[in-house]
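What Swiss-Prot says about this one:
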BINDING   8, 9, 10, 11, 12, 13, 14, 15, 16, 115  ATP binding site
BINDING   85, 121, 125, 173, 258, 270  L-citrulline binding site
BINDING   117, 121, 122  L-aspartate binding site
């Protein structure tokens, strides 16, 4: 009886070729495809996996779990790797790994295979997650093992009659989910080459965007967006709605050269319309609901959290602790944020909260001012005392300094 291998199957080039490759190695292939909001026709994927020779194919709708358990932390934590990348692909990997392990245990498979290359981040993310969840499972990386170029892989697919929606003229590698879309390879590998319009799918070019702005009110409850203009949504539906609306205005295009975990720099094209709008709105709401010390310290945690996720360490004690901290900061991050969507920009022009720490009577310069300006003299004396003592001992700073 042949041993079984669970394959993370997308229906794309790498995993379609991997099915045949694993069969040639003597394994029965159990294909597993997760829907995390990419809008893929899963019936086609299911049929294709079986046509490729898989003995089973499991289709799992994990969109809601993805939004509620993973994207929610990206929002509450304002997660951006290198202040540019909203972790589109990285965010889905721990969930995919979790489901693959569940299928492997259910089918008595000896290991899990993925379609990642040997120079990408995802191989690390999947394999480290698998080790954390079930150390007894083996990891298989066909693409890494055969070490073909993109062109060689396409030629192999054509030779073996493997249908793939890719050719030498359009050799993009695309990954998409609820939170956005990632694109690499082809002309995009030249960091000076302007991305052609066919590299984008979720967003309009600025020249094609409406000449009239849309203004929306995004309502948050404990850090999570729950309404658009007073209409309540589940988080996954809200994100899909915003993707369409913000994408229409060309919002969410990201052209980024990032530092990969494996040590190389990689040029990536991302589209994340909803992510850009939600994160800007969330940050705006935090400016009036977080205390100064929390507002200043939280970005340090956010940076570490983003790096943990990018580096494949979702299932780790540190990440568990970071999640607890992030959750603790969101108790009062509730309220409304008004955002103008226009010509590639998401512009926050208003925010309010029942828990606002902004006191207009303290901030105003009108006669309604409630701030005790007389208290400033004593405050400055105490605050400036260390500076004064240092100057008295060592001499004051000269104009030249």
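Backbone N, Cα and C define each Cβ position, glycine as well.
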List of residues, in chain order, with Cβ under 8 A from that of residue 10 (ATP binding site) and at least 6 apart: 33, 45, 115
Residues that sit under 8 angstroms from residue 270 (L-citrulline binding site) by C-beta distance, when 6+ apart in the chain: 85, 86, 88, 180, 181, 182, 183, 252, 253, 254, 256
In sequence order, the binding-site residues (8, 12, 14, 173) whose C-alpha falls within 10 A of residue 117 (L-aspartate binding site): 14
Residue 14 (ATP binding site) versus residue 258 (L-citrulline binding site) - Cα distance in angstrom: 23
Largest CA-to-CA spread of L-citrulline binders 85, 121, 125, 173, 258, 270, angstrom: 19
Proximal residue to residue 14 (ATP binding site) among binding-site residues 121, 122, 125, 173 (C-alpha distance): 173
Near-site residues: L-aspartate, ref 117, 121, 122, CB cutoff 8 A to centroid: 116, 119, 120, 123, 124, 125, 262
Distance [Cα-Cα, Å, rounded] between residue 8 (ATP binding site) and residue 121 (L-citrulline binding site): 16
Most Cβ neighbours inside 10 Å, all chains, among the binding-site residues 16, 117, 121: 16
Cβ-based neighbourhood (8 Å from the centroid) of the ATP site, residues 8, 9, 10, 11, 12, 13, 14, 15, 16, 115 excluded: 17, 18
Site of maximum Cβ density within 10 Å, from binding-site residues 14, 125, 258: 125
